[in-house]
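What follows is one structure encoded as structure tokens, with my remarks underneath.
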């Protein structure tokens, strides 16, 4: 038997090919003589970029950061001896933090060395306590298996560093070629069922369980499972420093971050929890809370590995295995919030945290407070922007107050807590994710430790900004020195000129020289190419006071609000366990900035399985102020949800906030306004069915119509996003006579300012959208009052917009309120425009009282449809008429209310309409087959019934329908209704259509016009002359040819004449209403002499 000899290759080539096989994209390092073969092999690689750094420590931090944000190994390279010893801090950083990293070091030849012990240190022995795996490669052929083995070890929970030492002679030797080992995903073990049962029992029996999210939960699949767990069970959560962003911190159940281990606001929640579900916690991270042996609080540990017991952490139960699967199993058993759970105190703590944690963020002193700087960074950073922290006093403030919206968008180290990593980490993130904005944030001390890497960033064209917070001291230790009662000594720093230092490396230097320069400087540099170093002077003096006596007093104040301990309760029934253990699913590698997960506002703490709970939105922020507004399920008559309801004082605050935000909103660049609208569209698509079901419940809208409205909501925001970047002006030469020779002009449109919005009940989403979307597109802050009977759709829009970091504070408020509290929407002069949709009687009275502000009114009508011919056939016409007259129970401003049919086809069309109407299914709006759902309330259904009976008594003939059943009113067709009756002359706003014949087209147009309304009309005809005659003579805002008047295209102008309204909606036309033209007249512009 003959064997084929494998081709010979250099061992270093095989090594680099193995790295490529593992998906390695970067090697960071500082090569030496002993790495020359590896260096040459990297030169030939088409997949790996070599980033030569100025110091091995920086290379190690960069490799660890790649591992941190991707879940795949980052690779760094050094020579032997002093180069390799410089990796030790990075190895500890990777080990404690749990970041997969591979360190490659060189070594003298091991088969024949002529230099004795020169530069030789036992690096393998040195790395042993720091690494999960370390080995010297003694044979070139072993490289394939060692790369696969060490990579697998590095990436397996708990991830960490591995080390391979490749001697010079081994790297350069010839070995037989074999392809790299294939890479297969590792399936994690799942938790044992008895542990799941114990966890379920502990959670169900708890009175006030609290979730704590720690570093180990920062995995893509785990984050999704956590979000589903929180939304399903309504359990509030806190995070550790390294757990920030696992769930969007705008979530209404997020209480705060445990930035310090005890005696902060969040500990007022954790101290009162009788169960803490500690998810992903490792004792290497600074403790988020301290356990005590006499505590009544139990701790449930859920992690990939068992808890390590120490004096302050000794959990009562360990659930060991894949975290995502464990959370899913627990959620599937418990299913829903338990009726005895009480989260009232946690929400009190949350409100206190939201009010006080960012105190002094608007402080104008110079040098700056850290709170002011952090608020400015958050404002400048987009949602997917990444901030990479070094270590210092400011880290505590970032952990406490920097709201993190996505995973791995705030990288801080709460394990080794090393200095020197901030700038290298920011460079690594920018290399991996070049489309994301990245800030490194360093103290002056930490920046000095690796400032030489500015040159590396310049050399490799890395567009990164590093902020240097300069207090001329090692501020964190100076704070500790002060709090320990020592004399201030030995911790000052004499710093260089940071601007000059940056420029000496070929970067751009900036110094913030006054309080007014901070935000503009950050807004500028974040959009610039190149390497930028921004020096910001800071003063931590106030921090000593705030984190000392002020915090202690505030905590006492918060504790004083605590209710009395509740009396003991009866034992609760624990749900039965699942029948069998589910198969775990392999987890994909985490990504640095995964797509945002929507915040479902109705997942607010329920404490029972009763009505859903919604906040109002005041100055962009959800506020669970009360539960005063009940929203009725229109089909069942039961309370579907309770909403916070604003009083007049809250409305006044909202107007003041909008007024303050006007200048910032007007100054927002169009691409940012577009981004807000586009991201809203993304989340609306993700929450499509949630929005549709909300409409079913609050408006009684059949599910098919509800889905149609959600589709229109998405269309409206999409159109607004497009229009936001094409709000054009005009240039005109003005030399129309000798008087103005040499003059020219530019006309631009400018946003009006704060807008008052009042939306109706019948289209809770899309009619709100037609006000909100153009306001955002043009840069107008707004305050909206949604209809009290259907506020949920607008509140979900508010939830989506509350996540937009581009919007300044006060950009929007959405406030359900009573009419008595809503007078300011009409009369307050701080509003520059009132946009109202509703009844004519209310709308015109509001206009009379609105003062000098612009007013737009969309007030409804009694839309007419002329059927002159059946186009294209009778079935199509009847289908359109039926839908136009009866969809969503006729509760539409442009519902078909008056049908005029050519006498030559009248009998045939009438009979077909009646027959089709009688077949329409009325019932539960959630049923896919339902066409007619309930009316908004019994009172309205009773009114429609009364109007029909009055018209029938006056001589009209009911051809079908006409009998009410509670909230439900069937499709009703009335022939020859007297024109003076309400069912014909007023807006019926119910499922009723009046039908009659006509002989002369010109006469029927006059009949259409014999109405106080004029919103839209429809005309079916093949005769183009009749079509144009109708268009030119019907007194309405819109005429629809060969369709019913119920058609509305969201990009087109929409509004009425006469009593039907004033002004136009439709995005581009609403933008015109929300702006005013301003002319700049210029003389002799462009003339050089």
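Placed from the backbone N, Cα and C atoms, the Cβ positions cover glycine too.
Marked as active site by TrEMBL: 858.
The domain 'Thiamine pyrophosphate enzyme N-terminal TPP-binding' annotation in TrEMBL covers 10-126.
Averaged across the domain 'Thiamine pyrophosphate enzyme central' (196-329), pLDDT in this predicted model comes to 91. If you look up TrEMBL, you'll see 196-329 marked as domain 'Thiamine pyrophosphate enzyme central'.
Per TrEMBL, domain 'Thiamine pyrophosphate enzyme TPP-binding' is recorded for 390-536.
Taken from TrEMBL, the feature domain 'Aldehyde dehydrogenase' covers 627-1078.
Residues or ranges marked as region 'Disordered' by TrEMBL: 572-592.
For the domain 'Thiamine pyrophosphate enzyme N-terminal TPP-binding' (10-126), the DSSP counts in helix, strand and coil order read 56 helix, 22 strand, 39 coil. Counting every protein chain shown, 27 other Cβ atoms lie within 10 Å of the Cβ of residue 858 (active site). Residue counts for the domain 'Thiamine pyrophosphate enzyme TPP-binding' (390-536) under DSSP, split into helix (H, G, I), strand (E, B) and coil, are 60 helix, 25 strand, 62 coil. When DSSP labels each residue, the domain 'Thiamine pyrophosphate enzyme central' (196-329) comes out as 41 helix, 29 strand, 64 coil, counted as helix, strand and coil in that order.
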